[in-house]
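Chemist: This is the structure, below, for whatever I ask next.
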Amino acid sequence: MLNIVLYEPEIPPNTGNIIRLCANTGFRLHIIEPMGFAWDDKRLRRAGLDYHEFTAVTRHHDYRAFLEAENPQRLFALTTKGTPAHSAVSYQDGDYLMFGPETRGLPASILDALPAEQKIRIPMVPDSRSMNLSNAVSVVVYEAWRQLGYPGAVLRD
């Protein structure tokens, strides 16, 4: 199983959409607090529809608590400052894919602690600053899931 990590998410509908995505793919979701909204925010519930009960969500008090609880063996950070494209990574079961807050991305303290090959990016045309968080998560999730052969999915010939 793969893991999505949202570092201090700010916009409830994005997190709700990602909850729904995790329910549909079997990925686990980790949220590193503080969040920019309350967990019972109606916009979060609306975007996630009734998928909350089908998603494994773990909330962590802060980044240190996340590291202590999960001890990720392979942690990839999505950043516009990354070099390898998300599709150049050979994903493995158990990987963690971390995304920063919508308005500022991941802090330098986290990025600087990772090797260059674990700071990955989604290719974009020149002069594009960033993608919407839930869209970016979807792009990476489906590439990783595809590489692993869509475990748990119902595939039709």
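Glycine is treated like the rest: Cβ placed from N, Cα and C.
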Chemist: Say Swiss-Prot lists LEU78, GLY100, ILE122 as binding S-adenosyl-L-methionine: which of SER90, SER130 is in the same site, per that record?
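Modeler: Among the candidates, Swiss-Prot records only SER130 at this S-adenosyl-L-methionine site.
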Chemist: In Å, how large is the greatest distance between any two Cα atoms among LEU78, GLY100, ILE122, SER130, the listed binders of S-adenosyl-L-methionine?
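Modeler: Between the most distant Cα atoms of the S-adenosyl-L-methionine site, 14 Å.
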Chemist: CB neighbours of ILE122 (S-adenosyl-L-methionine binding site) within 10 A?
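Modeler: Summing over all protein chains shown, ILE122 (S-adenosyl-L-methionine binding site) has 19 other Cβ atoms within 10 Å.
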Chemist: How many neighbouring Cβ atoms, not counting its own, are there within 10 Å of the Cβ of SER130 (S-adenosyl-L-methionine binding site)?
Modeler: 16
